[in-house]
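J.: Let me begin by handing over the structure; questions about it come next.
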Amino acid sequence: MDQSAMVSPWITLFVIWLSVGVKSVEIANISHPCAYAHTVNITDGLRMKDGSYSYAGVVVPPHLTAEYSFKVIDGVEYRAKKHLRGCVCLLKPCISFCCPENLVFDAKHWNCTKPHQVRESTHVELTYANRSVEQVRIRDRFVVRTELGCRNKFVDKKHENFWQWDLLENGTLQRDNRLWSTDEYCFSPLEHKPEQWELTPLNCERFQTGYRVWIYAICSIIAIIINIFILSLLCSVRDARKSHYGQLIIYYLLSMIVGYSLLVYLALKNPMKLTHVACRNIGFLAYFCIMLSFVFLAICSLDFLLKFKQMSVKNSVRQLGLALAVVAVIGLRFLVSLAQDSKLPKHFKPGMGEDYCWFDVRTWGILIYYYGPIALLLIFTIVCCLKAYFSIYELPPDTQYITVPSTQLKIVKTHFYAFSAYIVGVFAVWIREIVVYIMARVREHFFIIDFWSGICILGLAIAGFILLLGKNLYVKSWWAINVESSQTDLSIINGRVYKFDEKGDLKSSDSPYKPTVTSL
């Protein structure tokens with residue numbers, strides 16, 4: 001394989017990556033007079049002679065109207081039939097209701113139902129800038145929207161702070177020391193006490209629960225435990241942890257354990273119960289650890305290639321390379337952080353610290369900043385493994401030792417074959433992840449947590465136990481000497497049959513154990 005064969009996969013993936021970005025730019029650059037959150041569907045509004053529209057007592061001039069071919073739910077664009085929208089909320093503050101008029105939100109069935117008694121909500125408490133509160137007529141101060149702003153609403157009627165909130169003059173809601181924009185909450189009458197109903201805002205909840213989460217979490221936790229066992233055993237065996245291969249596998253396992261532990265924590269923790277800083281930092285730390293694990297796999301494959309090429313590398317150069325790799329991942333982490341804080345379109349952002357603490361799978365950001373680099377690293381790893389495999393056959397037939405310090409070729413080959421088999425499994429799992437994501441993105445049918453990902457993580461942990469630990473010759477040698485030999489000695493001792501007389505004394509004169517008399 002020549003140098004061009006090694007570069008071509010990188011070019012192909014870069015072209016795919018760029019095409020996705022260009023498509024997203026085209027979508028983001030469509031001209032609209034205002035953000036979707038400030039618009040209202042005015043198809044049913046009264047069109048006037050000058051082209052303006054009258055809606056809910058507000059006259060919307062022509063330059064503030066446009067046709068939209070998408071809708072926004074939970075802050076993400078979805079395809080929709082073309083419809084006319086106007087920037088009504090720029091002219092008069094808007095608030096959202098969860099259900100159409102004369103319907104209330106049913107917290108048990110999570111839908112809009114008709115109550116036994118019609119409950120009209122005509123007034124709401126408004127908090128002014130000077131913190132004074134006034135009961136105002138809703139339609140006098142706001143334009144009411146009933147479009148679906150979010151799929152999941154947060155309802156917690158048991159706690160008193162759920163009923164404590166402030167509606168500001170611009171339609172923004174203040175609750176739990178946080179400001180919620182008009183598309184992040186909706187109002188609905190709820191029963192606070194028996195036969196006592198109150199108009200209450202329901203915040204949009206981005207936290208997923210159910211069997212998918214638990215399958216993912218349980219499989220991931222078992223996988224983490226298996227990887228901790230592999231890591232502890234590799235660290236216990238001196239020859240394994242001193243070898244270059246063993247060191248890189250230890251670094252890989254350590255990074256992966258920390259990364260997946262953080263992801264499991266985020267899967268089980270409601271982001272609404274985390275501060276914005278904590279939510280964001282945990283997500284970025286998990287990202288750093290997982291990306292670092294793939295870098296260690298790439299370095300390990302490159303190390304095998306250099307060994308079979310019989311190219312010696314000084315230990316200082318090797319340590320410098322590892323340090324530079326870690327610095328590169330740190331730089332990537334801050335690059336993603338800058339993208340999150342930039343003014344890029346939402347589809348270009350990773351989404352960490354916004355609706356979710358981890359990547360927002362409803363946007364293209366996860367493909368650009370997560371799946372893209374992982375795919376590049378895995379392609380580099382596989383290319384190095386293939387080149388290393390063919391380099392084995394270029395060695396002289398009488399070769400028994402390679403590299404400095406000298407290592408038996410048989411040991412290096414055994415480790416390489418086990419590592420290559422493991423990489424094939426890793427590649428298959430992550431190709432599956434990318435394909436599932438792209439299909440879900442195209443269909444606009446998202447699972448924030450895919451329980452099959454947890455099953456795949458568990459499968460990789462089992463493969464690591466078999467290939468990275470079971471096929472490690474240093475570990476097998478240590479096990480044979482320290483475990484199997486001690487068990488053999490114990491079985492020999494327990495297997496001896498000694499004959500005793502009626503008094504309980506040994507009859508055999510050649511027994512190594514002589515009867516003794518002990519005075520009490």
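From the backbone N, Cα and C atoms, a Cβ is placed for every residue, glycine too.
Those TrEMBL annotations? Automatic predictions, nothing curated.
Copying in the features that TrEMBL gives for the protein in this structure:
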type	residues	note
SIGNAL	1-27	signal peptide
DOMAIN	34-204	domain 'Methuselah N-terminal'
TRANSMEM	213-237	transmembrane segment
TRANSMEM	249-268	transmembrane segment
TRANSMEM	284-308	transmembrane segment
TRANSMEM	320-339	transmembrane segment
TRANSMEM	368-390	transmembrane segment
TRANSMEM	416-440	transmembrane segment
TRANSMEM	446-469	transmembrane segment
J.: Which range wins on Cβ pairs under 8 Å with the transmembrane segment (446-469): 213-237, 249-268, 284-308, 320-339, 416-440?
T.: 213-237
J.: Could you tell me whether the transmembrane segment (284-308) and the transmembrane segment (416-440) have 3+ CB pairs under 8 A, leaving out pairs under 6 positions apart?
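T.: Judged by the Cβ rule, the two regions touch, with the required three close pairs present.
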J.: Can you tell me which parts of the same chain pack against the transmembrane segment (284-308), counting only residues 6+ beyond its ends and a CB-CB cutoff under 8 A?
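T.: Contacts of the transmembrane segment (284-308) (Cβ under 8 Å, skipping residues fewer than 6 from its ends): 244-245, 248-249, 251-253, 255-256, 258-260, 262-263, 266, 321-322, 325-326, 328-330, 332-333, 336-337, 352, 358-359, 370, 373-374, 377-378, 380-382, 384-385, 387-388, 391-392, 394-395, 402-403, 407, 412, 415-416, 419, 423, 426.
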J.: Cβ under 8 Å, sequence separation of at least 6 from the ends of the transmembrane segment (213-237): give me the contacting residues as numbers and ranges.
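T.: Sequence-remote neighbours of the transmembrane segment (213-237) are 246, 249-250, 253-254, 256-257, 260-261, 263-264, 267-268, 449-451, 453-455, 457-458, 460-462, 464-465, 468-469, 472, 474-475, 478.
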J.: List, by number or range, the same-chain residues at least 6 past the transmembrane segment (249-268) whose CB is under 8 A from its CB atoms?
T.: 213, 216-217, 220-221, 223-224, 227-228, 230-231, 234-235, 241, 282-283, 285-290, 292-293, 296-297, 300, 322, 356-358, 449, 457, 464, 468
J.: Which bits of the chain, at least 6 residues beyond where the transmembrane segment (320-339) starts or stops, bring a Cβ under 8 A of a Cβ in it?
T.: 251, 284, 287-288, 291-292, 295-296, 299, 348-350, 352, 365, 369, 373
